[in-house]
Amino acid sequence: MPPFPSSLLNPRLSFSLKPLFLFIQSSIAPLQFPVPRQLISAKPRNFSSLASVQSSAIDNGGSSSGGGGGRSGALSPPPVAEEFQRIDVNPPKGTRDFPPEDMRLRNWLFNHFREVSRLFGFEEVDYPVLESEALFIRKAGEEIRDQLYCFEDRGNRRVALRPELTPSLARLVIQKGKSLSLPLKWFAVGQCWRYERMTRGRRREHYQWNMDILGVPEVTAEAELISSIVTFFKRIGISESDVGFKVSSRKVLQEVLRCYSVPENLFGKVCIVIDKIEKIPIDEIKRELKATGLSEEAIEELLQVLSIKSLTKLEEILGGSGEAIADLKQLFLLAEKFGYSEWIQFDASVVRGLAYYTGIVFEGFDREGKLRAICGGGRYDRLLSTFGGDDIPACGFGFGDAVIVELLKEKGLLPELSLEVDNIVCALDYDLQGVAATVATKLRGKGQSVDLVLESKPLKWVFKRAARANAERLILVGNTEWQKGMVGVKILSSGEQYEIKLDELE
Ligand code: HAM
């Protein structure tokens, strides 16, 4: 619908004004100026139907869209809700607000993620939260696919909120191609979205710390990654008596499947079923394995191997010559050298729920068994070719922000993080606000934080504020002192008070 009925325009003016109206129309649309009531739809429409309704309306409108099709939909405003609609003040189910106290905890955690990554020489990267849906669609029937937040955008493209970071990393590595010098050591801390059944520590939105190494085929890379997680745990006060890592290799499964001539392309599917071993009844697991095409004999053998918790026992069954045993032995040897042997244990049942892993896989768990996996990762040497790129040996891990906080709570290890400001600066007279601003600017220039009192407030209020902010000093700008070019200082911890010249204030 055009903004003004064209019949109301003077025909002579309409020619020259048309471009102007088109300009106004396109520039006001995204600003959502009040819309006449009759244009308000009582029921908001869903995204995909909205996109198609709007693009056809614009196409019918003719010239203004500058070409029909999906792209023009991007210019249309979203549906306008009823005015003064009472909203639910809670965030959508499974998502979180971060008020200041929660943000302090989040920053504390992320600072440790970043600091550990820095200690290991990794570079920080990030990707868009919104990615093409195709990036996350793999054929193996992973749970993550059913949990996608996906929709059609206004340009009719299928997009998804990322449920994990690894496919985005693969995309960027393929895009950068030969310009990258290997090995890459990249880390990221980003928000991921999964429409998950909510349990303790599992949410619909979470942040993940990822560290990935690309270009190193040796197990030294996995050993280095586990070392970085151990370093993180130690920094936040978690020890090997609180958590451990279950480690295995998907090559164990591969060797068993090869013995039964199971085709390679079934491998991913079998891993996804095996990953559910602790979540669903064993008969259901057997039924699902059978459905992938495995014989009953192969299933029995597989389940037997998966129950093994000792590397020596595995070696007895598989023989000592295979890659699985060699990789795992090497990892345990390196763990000794890194000094974290007591943190890791072999457990053949760990296969992980993502289709792309090809070698060593590991999961961090709490020893009391109260929580879901704290972190997880592994080797994924063939992910890039599934996106049409050249494969590069790769491994990495994801570490969520939710389970770890539950664990810290459980152990009484949550840090006490309070607001901390160096100075409260307050003018005792409204006319001295300018001077107080000068004092604040001077201190901030020296790197000190200042909460400047911006209104006229009684001293009692200012003291309360200083206590809440755990301020070190209260700096008062009063008439008598200022006439001498001085300000009053009170050290809040000791109660010491003095006057000082503004120039000498440090
Ligand atoms: P993942 O096991 O799916 O692996 O997730 C890694 C970690 O993210 C989990 O161990 C958990 O800490 C956290 N996490 C996952 N889903 C949720 C959720 N719904 N709520 C809270 N936390 C969650 C991956 O995502 C792989 N891309 C990791 C990786 C990186 N592998 C190689 N490089």
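Glycine is treated like the rest: Cβ placed from N, Cα and C.
Per TrEMBL, these features apply:
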- Glu164, Leu165, Thr166, Arg194, Gln208, Asp212, Arg352, Tyr356, Tyr357: L-histidine binding site (BINDING)
- 63-72: compositional bias 'Gly residues' (COMPBIAS)
- 94-415: domain 'Aminoacyl-transfer RNA synthetases class-II family profile' (DOMAIN)
- 58-78: region 'Disordered' (REGION)
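Annotated features, which come from TrEMBL, shown on the structure.
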{"residue": "Glu164", "record": "L-histidine binding site", "contacts (Cβ under 8 Å, 6+ apart)": "Phe136, Ile144, Cys192, Gln208, Leu354, Gly398"}
{"residue": "Thr166", "record": "L-histidine binding site", "contacts (Cβ under 8 Å, 6+ apart)": "Asn210, Asp212, Leu354, Tyr356, Tyr380, Leu383, Gly396, Gly398"}
{"residue": "Arg352", "record": "L-histidine binding site", "contacts (Cβ under 8 Å, 6+ apart)": "Arg250, Cys271, Asp275, Val361, Glu363, Gly376, Gly378"}
{"residue": "Tyr357", "record": "L-histidine binding site", "contacts (Cβ under 8 Å, 6+ apart)": "Arg250, Cys271, Val351, Gly378, Arg379, Tyr380"}
Item checked: Local Cβ density at Gln208 (L-histidine binding site) - other Cβ atoms counted within 10 Å -> 22
Notebook entry, point to check: Glu164, Gln208, Tyr357: which of these binding-site residues put a Cβ within less than 6 Å of any ligand 1 atom?
Noted result: Glu164, Gln208
Next item on the list: Let me know the largest Cα to Cα distance in Å among the L-histidine-binding residues Glu164, Leu165, Thr166, Arg194, Gln208, Asp212, Arg352, Tyr356, Tyr357, as an integer.
Entry: 21
Note to self: Limited to the domain 'Aminoacyl-transfer RNA synthetases class-II family profile' (94-415), I'd like the whole-number average of pLDDT.
What the structure shows: 95
Notebook entry, point to check: Tell me, by DSSP, whether Arg352 (L-histidine binding site) is helix, strand or coil?
Noted result: coil
